[in-house]
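Participant: Let me begin by handing over the structure; questions about it come next.
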């Protein structure tokens, strides 16, 4: 906008601690610039061919997030595929198939492997192509870049170079890491949304250097030249050290001037910036590390089963080779041939009786290839297809779609679907996860008097009303909810200007002055309505400014050196405008736990206004400023009990001389070029934030999300342990626990804390080693006492531990004891916990219990916890995620982007686990067990035939029969099982949550169940082989008197196996769909069609199958009779076993299935389970029919060991 009038909003000096930002004084510390890690030099606005240009030295702005390139796709993808032991085995056998050792043709061995590997590689290629499209979209975005003569031309992001001057317009993303030079505001400030970086939607304020703020038109950059020296590319988003040389003067740079790639320009018309870091050098890409690789426990166990099958394969091959070697040696002795039909006198090395050991070794290698059908070649690809389809069902679940935010559930990985059905412990954040992260100002304490009538959700909860004796106000009347967002306060004593009538009206005035002045919020005036709205860096801060406005202290304008209020004048009773000179802002951070501003009022008095956590504020009070301390402490504690978040407010007045000294120190420290500059600034701030006078405390409420109590209650009934890891005070966390049903009446609380009189006395000792040793002893004693309470006690316990205690309890010599105590409790709450402690606690639970853990959170501070847990669930709420299509590139710290699954609300966790988790676990477990069954059925029949034929290494089946068994004739129905099967309807999954314990205890994929399926496979193979041999060998096969040769024998056995494998699948299915019928019966029909068409091909290809169906099998009734008889006889033992188990050894799951059919007049009986009361507790309604029809039955469930019935 050349020549345009610039907006005035002077914020530069306000936001940057220092107010004399001229030349940089290098006399303090500039030694790092130019040294290791600080070597980057950027020449701004230099032509690409100039000797000073930075283009040739630094990376381009092209971004690539794909796993493969065109050149690396095949080698890299093939390497990934053959890292799997099964695929590598089939590769080796495929190569050996080209040698004389092979019992089948090479083509029949290679084609199935190519098909399976090809499908998997195609899946990988499609996924990577989608990433490529996302990369292309981002790289082709355009930004205005200065070319020459003051002209800015649209240029693609990928062509951006270090040193370029760019112009970014409102609501556009920054294409690289930029140095802010100027903006449409005179002071060079702009507002930035960093949601793509840290998940926060609140605007951040940035400010360019005063020296460059005058360059606010396109033409002004025609002759602009500057040199930037700064730190090398690194991953630290919140620090930046450097300097800029402009017009032979050097100026210091800080994070305040740095605009990070993928953050967005908001509330500013445009900015000009110089490109510092591009492409992979940008801070967001430096942080873009691959998430930790997670595999489900079932998948890991499946690998062990594959190893077991390999062991069986080697064992069978070894045994067969020994027998073969012995028999081969005896074939030709003393000129006599025992097995004359193989002509041992002129045999090759494979049957040479003179070299039986060599023949046995070759036989061993041949058998390794022949018995390879024990290993399911299509298992991995089938599981991948099934999991992808399962993920689609999760994504499309309309009941997990949040209409308000237009966000469905999103399974970001399909690897962990079945793991959702095995969760033992849920570790949850509180703010934004259990709560809405939408703060409302509800109460306050001023001059020791509580104000506000609102009743919080915690106070409404029945358990808390009985447990808490705190009365929130002197007037018990409950306030009506306010329509003003962020404000739910009602008290006629201070509303409508009535505060002037209060005894401590001066204190009240200072209290609301502090709320209206001590902040970094930005005011915006709606030109149409004249209403003022605010943009703040946190929901808490916004609620404070709104509360001050609603109670008569309206912040409406901010300039470089002032804040303007509309407020009530107690003397005149009229609203007046007052301007306060803003001198310094001492910002909040996690170590300071407070924020301060220094202002000068219209009378020239200097004030420091401070608000912060009670743990730091009460320590800074002057002796003369503690008049209301006792009452305020009591109120703060009461607010915490009511589930509110509190801040303590205090101030001090000081003289001009003291401020002058402070300002010089602060300015000097701010100008340092040291990496510890921020720490030094904090030290200077400490010197003035003391001797404060207490005003009171605020209390804001972060409301629970809808449905949280019911969800937690249902998860607890499912036997899932719930842990809450929060940074809130213990009292707040406990009482939110009551509100959300995490804690209940009757639960015994075990509290571990260092906030004891003994520890407070100990803190006065200066010996840190003594404090540490005593602290550990106190924690150890408390843990030991807690363990003694739990041991042998039938009561239900909850553990509450604070952050100080966690510091010591998580050390190596104590963490196991903490874990033992935690396991014995139904609920655990960790208060005042840091992000690192959250991750450490998650790791402890995961590694210590060896059970599946699920972490759920919404903010950047939850990332470590989500990545550490077996399953990470991100809440895609206010802080959770951004909605751009290329979010995969940007939200490196955002909870959603670090998660495995994203949901919009905590309550959806109930459906995700109890329905989708249960179904996915059961489906995958049944799929894998069935795969091993059908492969053992097929592979062991080969072994039996080998034993029957003196281990001749000749297969009973045609080559293509061998190859296509796993690929076509039995693989498709199992996919339908894995995708569509439902043992229990979703309604019953929710009504009987204890059913979920099947997965937690891994009942469906235990070694006993796996071995039982394997045994069924061996038994079925024996049945098929001996029944077919018995039926075919002694008599003629057809009316022409023809006996069954090898081709007929193999075709009959293969037909029986295809029928059995598919009918076994049909017996395993609980919920038939048309797709099940189509694939099961279609696979059988496909076999007959293949047998027909394959037999018409030339004998050189079809070999023993040439016209076997048309001429030998189909016309012969014996074939059809044998098929029917063998199939029925083989499946009959399985049906008998299922019937016996159903009637006499039924499981909890089978009982639910009986209840599902109300027309059932009789239910199975059992004497080996717990009483029917367990079922009645979960759903009295559905148990009435059961009780009336089977009053003498015992219909409980097996002991799931770990499920705790919560009253």
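Heads up, the Cβ atoms here are built off N, Cα and C, so glycines get one too.
TrEMBL entries are annotated by machine, without manual review.
Not my notes, these are from TrEMBL:
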DOMAIN    42-109  domain 'P-type ATPase N-terminal'
TRANSMEM  82-98  transmembrane segment
TRANSMEM  305-327  transmembrane segment
BINDING   429, 430, 431, 541, 588, 611, 645, 726, 727, 728, 832, 838, 861, 862  ATP binding site
BINDING   429, 431, 858, 862  Mg(2+) binding site
ACT_SITE  429  active site, 4-aspartylphosphate intermediate
REGION    465-485  region 'Disordered'
TRANSMEM  886-906  transmembrane segment
DOMAIN    896-1146  domain 'P-type ATPase C-terminal'
TRANSMEM  927-948  transmembrane segment
TRANSMEM  960-980  transmembrane segment
TRANSMEM  1013-1032  transmembrane segment
TRANSMEM  1052-1071  transmembrane segment
TRANSMEM  1078-1097  transmembrane segment
TRANSMEM  1117-1145  transmembrane segment
Participant: Among 429, 430, 431, 541, 588, 611, 645, 726, 727, 728, 832, 838, 861, 862, which the record lists as binding ATP, how far apart in Å are the two most distant Cα atoms?
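Facilitator: So the maximum pairwise Cα distance among the ATP binders is 27 Å.
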Participant: Which residues of the chain, 6 or more past the ends of the transmembrane segment (927-948), have a CB below 8 A from one of its CBs?
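Facilitator: For the transmembrane segment (927-948), the nonlocal Cβ contacts are 298, 302, 305, 309, 313, 316, 320, 323, 367, 370-376, 379, 382-383, 386, 955-957, 965-966, 970, 974, 977-978, 1005, 1009-1010, 1013-1014, 1016-1018, 1020-1022, 1024-1026, 1029, 1053, 1057, 1060-1061, 1064-1065, 1068.
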Participant: If one measures from the C-alpha of residue 858 (Mg(2+) binding site) to the C-alpha of residue 429 (ATP binding site), what distance in angstrom results, rounded to a whole number?
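Facilitator: Taking the Cα atoms only, residue 858 (Mg(2+) binding site) lies 8 Å from residue 429 (ATP binding site).
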Participant: Counting only residues 6 or more past its boundaries, what in the same chain has a CB within less than 8 Å of a CB in the transmembrane segment (305-327)?
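Facilitator: Hits for the transmembrane segment (305-327): 85-86, 89, 338-339, 356-357, 359-361, 363-364, 367-368, 371-372, 374-375, 928, 932, 935, 939, 943, 946-947, 950-953, 1010.
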Participant: Spatially, which candidate from the binding-site residues 431, 645, 832 is nearest to residue 862 (Mg(2+) binding site), comparing Cα atoms?
Facilitator: 431
Participant: Under an 8 Å Cβ to Cβ limit, what residues of the same chain, 6 or more beyond the ends of the transmembrane segment (960-980), are close to it?
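Facilitator: Long-range Cβ neighbours of the transmembrane segment (960-980): 104, 108-109, 111-112, 115-116, 373, 376-378, 382-383, 385-386, 389-390, 393, 923-924, 926-927, 930-931, 934-935, 938, 1050-1051, 1054, 1057-1058, 1061-1062, 1065-1066, 1068-1069, 1071, 1073, 1075-1076, 1079-1080, 1082-1083, 1086-1087, 1090, 1094, 1102, 1105.
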Participant: Residues with Cβ closer than 8 Å to the Cβ of residue 727 (ATP binding site), same chain and 6+ apart in sequence?
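Facilitator: Expected: 431, 803, 831, 832, 833, 834, 861.
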Participant: For a three-state summary based on DSSP, what are the helix, strand and coil counts in the domain 'P-type ATPase N-terminal' (42-109)?
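Facilitator: Summed over the domain 'P-type ATPase N-terminal' (42-109), the classes give 25 helix, 3 strand, 40 coil.
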Participant: State which of the following binding-site residues has the fewest other Cβ atoms within 10 Å around its Cβ: 431, 861.
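Facilitator: If we count Cβ atoms within 10 Å for the binding-site residues 431, 861, the smallest count is at 431.
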Participant: Sort out for me which one of 429, 858, 862 has the most neighbouring CB atoms within 10 A, since those are the binding-site residues we care about.
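Facilitator: Comparing the binding-site residues 429, 858, 862, the most crowded Cβ belongs to 862.
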